[in-house]
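Everything on this sheet refers to the single structure shown next.
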Amino acid sequence: MTKSSKDICSENEGKKNGKSGFFSTSFKYVLSACIASFIFGYQVSVLNTIKNFIVVEFEWCKGEKDRLNCSNNTIQSSFLLASVFIGAVLGCGFSGYLVQFGRRLSLLIIYNFFFLVSILTSITHHFHTILFARLLSGFGIGLVTVSVPMYISEMTHKDKKGAYGVMHQLFITFGIFVAVMLGLAMGEGPKADSTEPLTSFAKLWWRLMFLFPSVISLIGILALVVFFKEETPYFLFEKGRIEESKNILKKIYETDNVDEPLNAIKEAVEQNESAKKNSLSLLSALKIPSYRYVIILGCLLSGLQQFTGINVLVSNSNELYKEFLDSHLITILSVVMTAVNFLMTFPAIYIVEKLGRKTLLLWGCVGVLVAYLPTAIANEINRNSNFVKILSIVATFVMIISFAVSYGPVLWIYLHEMFPSEIKDSAASLASLVNWVCAIIVVFPSDIIIKKSPSILFIVFSVMSILTFFFIFFFIKETKGGEIGTSPYITMEERQKHMTKSVV
């Protein structure tokens with residue numbers, strides 16, 4: 001079919017203005033970073049699939065009638081589940097420092113780190129060594145939490161930051177899905193009342209599953225070393241490499257006219273440099289009401305995400321489903337759940353720029369409430385009825401879908417759009433750290449609470465989703481389409497007032 005002159009003119013105008021399709025140059029750069037997001041999701045989920053095999057091989061319930069359910073296993077499993085999140089807190093705290101040396105360099109360090117840690121985890125033989133290895137895995141995840149969204153934010157067209165930002169969450173869910181799929185090779189898992197030892201294949205396979213991220217890390221290293229050697233335009237400009245910054249912007253915007261984004265970066269860098277000269281550190285910013293306000297909002301928004309209960313479902317779903325299902329259905333349902341989580345993240349790529357960040361966050365809270373509240377009430381009335389068991393399972397899927405298209409991907413986009421450039425690195429790191437601290441608070445006791453009464457979790461998550469809805473409705477502002485380094489919470493005049501005053 002021959003194109004009309006009008007169509008050709010329209011295409012040329014699009015190129016001139018730097019408008020291109022989703023699968024543009026930026027897409028390739030984003031993919032190179034999202035390999036780390038995949039490792040993130042895989043590392044969070046892998047233990048959920050293979051935990052019982054480790055319990056049997058390490059004999060945590062030795063001498064007990066039930067080799068899977070004993071007090072020693074409950075305590076050690078809780079520590080093992082929480083160790084990743086504790087490590088992530090430490091990683092987030094360090095990530096703000098690491099990204100100062102380069103966004104691409106940060107990713108390269110992360111891939112090398114995961115390569116070594118995955119090997120270490122696969123050769124552990126004791127509780128203390130596997131606990132240490134999982135802490136290190138969590139540390140790497142904490143680095144990913146800040147580095148990848150920052151890289152994506154600085155390597156993409158301003159009108160597509162949301163869509164590309166969703167890819168971080170998409171690859172996290174893909175990693176979760178792959179971890180569960182690989183676990184299928186071992187079957188249903190060891191029986192609690194059996195004395196039969198693990199097969200040689202099972203003993204080998206769970207270690208290979210821990211080793212798998214090292215292979216993915218090598219792919220990430222290869223991508224950055226061979227194909228994607230450039231740093232982000234913001235970082236390059238900040239280091240005085242103006243022409244390099246301009247050249248990479250031409251690739252990102254697919255046009256020679258990049259004056260507008262270059263000027264936006266210039267203004268952001270100047271504000272950041274002024275902040276450094278005037279010693280506007282995170283602690284200094286917290287003393288200024290306008291900056292303190294946006295930092296607190298970011299930390300609250302980040303922490304509240306964990307009270308949707310998403311990491312309880314991801315890291316401990318097998319334990320939760322034991323309350324409702326026979327063992328032969330648990331693995332199948334976990335696979336379906338992770339597949340839904342992965343697939344339902346795709347719509348967010350397209351709707352995050354159409355509906356905006358705030359609208360998606362609000363609808364996500366409504367979805368979580370609709371999922372949990374009826375389930376909590378039904379569990380209190382008659383926990384053992386088949387209807388309540390089915391309702392509980394359906395609720396987890398409604399929650400997963402709601403999270404996948406809203407709070408999951410949107411938070412990491414928002415944290416790198418809400419803060420002004422002079423505090424973005426440190427404030428985003430702090431907010432991410434708060435997210436992982438809240439994950440520990442939620443995940444650590446979940447194993448014990450599930451055994452006592454799952455409805456307690458449903459009630460807590462229901463109440464928190466209501467509080468989160470009103471918090472977002474009244475306090476959170478839209479950031480869609482904003483220039484890099486700006487903030488809807490602090491005017492340029494307010495920022496300049498603090499940037500231009502003399503150092504005392």
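Quick reminder: no glycine exception, Cβ is built from N, Cα and C everywhere.
According to Swiss-Prot, the features are:
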TOPO_DOM  1-29  topological domain 'Cytoplasmic'
TRANSMEM  30-50  transmembrane segment
TOPO_DOM  51-78  topological domain 'Extracellular'
DISULFID  CYS61-CYS70  disulfide bond
TRANSMEM  79-99  transmembrane segment
TOPO_DOM  100-104  topological domain 'Cytoplasmic'
TRANSMEM  105-125  transmembrane segment
TOPO_DOM  126-129  topological domain 'Extracellular'
TRANSMEM  130-150  transmembrane segment
TOPO_DOM  151-165  topological domain 'Cytoplasmic'
TRANSMEM  166-186  transmembrane segment
BINDING   GLN169, GLN305, GLN306, ASN311, TRP412  alpha-D-glucose binding site
BINDING   GLN169, GLN305, ASN311, ASN341  beta-D-glucose binding site
TRANSMEM  208-228  transmembrane segment
TOPO_DOM  229-293  topological domain 'Cytoplasmic'
TRANSMEM  294-314  transmembrane segment
TOPO_DOM  315-331  topological domain 'Extracellular'
TRANSMEM  332-352  transmembrane segment
TOPO_DOM  353-358  topological domain 'Cytoplasmic'
TRANSMEM  359-379  transmembrane segment
TOPO_DOM  380-392  topological domain 'Extracellular'
TRANSMEM  393-413  transmembrane segment
TOPO_DOM  414-429  topological domain 'Cytoplasmic'
TRANSMEM  430-450  transmembrane segment
TOPO_DOM  451-455  topological domain 'Extracellular'
TRANSMEM  456-476  transmembrane segment
TOPO_DOM  477-504  topological domain 'Cytoplasmic'
Spatial neighbour of CYS70 (disulfide bond) that is closest, considering only the binding-site residues GLN169, GLN305, GLN306, ASN341 and their CA atoms: GLN306
In contact by Cβ distance (the transmembrane segment (456-476), the transmembrane segment (79-99); 3 or more pairs under 8 Å): no
Alpha-D-glucose site, defined by GLN169, GLN305, GLN306, ASN311, TRP412: further same-chain residues with Cβ within 8 Å of the Cβ centre: THR308, ILE310, PHE403, TYR407, GLY408, LEU411, ASN435
For the transmembrane segment (393-413), distant same-chain residues with Cβ under 8 A (at least six beyond the ends): 145, 148-149, 153, 161-162, 165-166, 168-170, 172-173, 301-302, 305, 308-310, 313, 317, 320-321, 324-325, 333, 337, 340-342, 344-345, 347-348, 351-352, 357, 360-361, 363-368, 370-372, 374-375, 435, 458
Cβ neighbour count within 10 Å of GLN169 (alpha-D-glucose binding site): 29
Helix, strand and coil residues within the topological domain 'Extracellular' (451-455) as assigned by DSSP: 4 helix, 0 strand, 1 coil
Residue numbers, six or more beyond the limits of the transmembrane segment (105-125), whose CB comes under 8 Å of its CB atoms: 32-33, 35-36, 39, 43, 58, 95, 98-99, 133-134, 136-137, 139-140, 143-144, 147-148, 151, 207-208, 210-214, 216-218, 220-221, 224-225, 231
Residues from the same chain, set at least six apart from the ends of the transmembrane segment (208-228), whose C-beta lies under 8 A from its own: 28-29, 31-32, 35-36, 38-39, 42-43, 46, 49-50, 104, 107-108, 110-112, 114-119, 121-122, 179, 182-183
Euclidean distance between Cα atoms of CYS61 (disulfide bond) and ASN311 (alpha-D-glucose binding site), Å: 26
